């Protein structure tokens, strides 16, 4: 490749992010690195000199969308050879050099563990190299201020990677083993956010309640010295931060000690995202999830014992290989019994490199689509029922932005993570905690008025 010149005009960048909250946090860090290098954000990718796609490989449709976008920009690059084209994230990690066979116009292919190395990798590109960085490494601590999408709420990574081996999931292959940040580093980042005026922090991890298992130290009782529970106590009193959330939790590591801490610590919001994936024990075993539906129900019951009004959200997969109608109905029964405030649902999508993708008992797309539709109908029904409890109540809402569909309204979220709209001036209310009386409820959102 011919060396690229960092000329005066090659200064605009655009990042498109696919997938989970972890990817969004990675994109914010990479944007911060680019701006530290002198790049300027461009809302329009077609006006950018550097385009980065931060990718997701959990579902096949997300992966195909990436290649569609890449195809369009590859054509642009033939017209403008100075365009820098980057694929980051999980597709990059999984495909590695194979991506270059499909899109030889790429300058840089980098896995999620390399996000904080972006400047070094780009320097290699500007020296005329086509770079692939997917080798496993110890994640470099955050060294650049992220370009955060919000001035009110912020993501803070606390643990990277995943040690689970669910039979359907590519995450351990693409994000590597668990690597916990030190409590001191997390506390320092949150203290900075508090000084910068941020009001809410969401602590992030693929399995966040596994935090600290890889850090040294054991207590006299034999448990790990550093756990998510201990971390919540460590960061709770950061000045300026009014709310703390965490996601995503794994049922295997969700303890009563953690639940009790969430009830005790006033800044921790009463909202818990705990995927169950299936309501059938045989399917859970085939998925290698490491728990039963009875164990999952016990966790939710215990949360509601401590915090009766807690909001519960989760993830579920339908149409897993070999799933019978009866097994699917066990998932419906769990959803009916628990009553989730929100449920992210998906039809099973075979992913390369996972055991389940090789099984010969795959279900038809028609069966998976039918089951997904039936589950979604029940989810909306139960969420609407759960919403009724808010009617007439006064809720604390953190105002985040203007309602894009109604400029006379602002919007924000309750402690239970319900999106809430009400009349108000965004210039006066943004970033404030406002008491709102709920006057209208829908399945997944609320409307109210300032008290």
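Any Cβ shown, glycine's included, is placed from N, Cα and C.
These features come from Swiss-Prot:
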DOMAIN    11-127  domain 'MTTase N-terminal'
BINDING   20, 56, 90  [4Fe-4S] cluster 1 binding site
DOMAIN    148-385  domain 'Radical SAM core'
BINDING   162, 166, 169  [4Fe-4S] cluster 2 binding site
DOMAIN    388-451  domain 'TRAM'
Legend entry - residue 90 ([4Fe-4S] cluster 1 binding site): secondary structure state under DSSP, collapsed to three categories: helix
Inset, instruction - May I ask which of the binding-site residues 162, 166, 169 is closest to residue 56 ([4Fe-4S] cluster 1 binding site) if we compare their C-alpha atoms? - result: 169
Inset, instruction - Round to the nearest Å and give the CA-to-CA distance linking residue 166 ([4Fe-4S] cluster 2 binding site) with residue 20 ([4Fe-4S] cluster 1 binding site). - result: 17
Inset, instruction - Kindly state the mean pLDDT of the domain 'MTTase N-terminal' (11-127) in the predicted structure. - result: 92
Legend entry - Summary of DSSP states over the domain 'MTTase N-terminal' (11-127), given as helix, strand and coil counts: 65 helix, 23 strand, 29 coil
Inset, instruction - State the Cα to Cα distance, in Å, between residue 20 ([4Fe-4S] cluster 1 binding site) and residue 169 ([4Fe-4S] cluster 2 binding site), rounded to an integer. - result: 14
Legend entry - residue 169 ([4Fe-4S] cluster 2 binding site) versus residue 90 ([4Fe-4S] cluster 1 binding site) - Cα distance in angstrom: 12
Inset, instruction - Would you mind listing, in sequence order, the residues at least six apart from residue 162 ([4Fe-4S] cluster 2 binding site) in the same chain with a Cβ closer than 8 Å to its Cβ? - result: 169, 171, 172, 175, 177, 178, 206, 207
Legend entry - Conformational class of residue 166 ([4Fe-4S] cluster 2 binding site) under the three-state DSSP mapping: coil
Legend entry - Cβ atoms near residue 56 ([4Fe-4S] cluster 1 binding site) (within 10 Å, other residues, all chains): 20
Inset, instruction - Tell me the residue counts in helix, strand and coil for the domain 'TRAM' (388-451), as DSSP assigns them. - result: 7 helix, 35 strand, 22 coil
Inset, instruction - Using the structure shown, find which entry in 20, 90, 166, 169 (the binding-site residues) has the sparsest Cβ neighbourhood within 10 Å. - result: 20
Inset, instruction - Other than 162, 166, 169, which residues of the same chain sit close to [4Fe-4S] cluster 2? List them in sequence order, counting a residue when its Cβ is within 8 Å of the Cβ centroid of the site. - result: 164, 165, 168, 170, 171, 172, 206
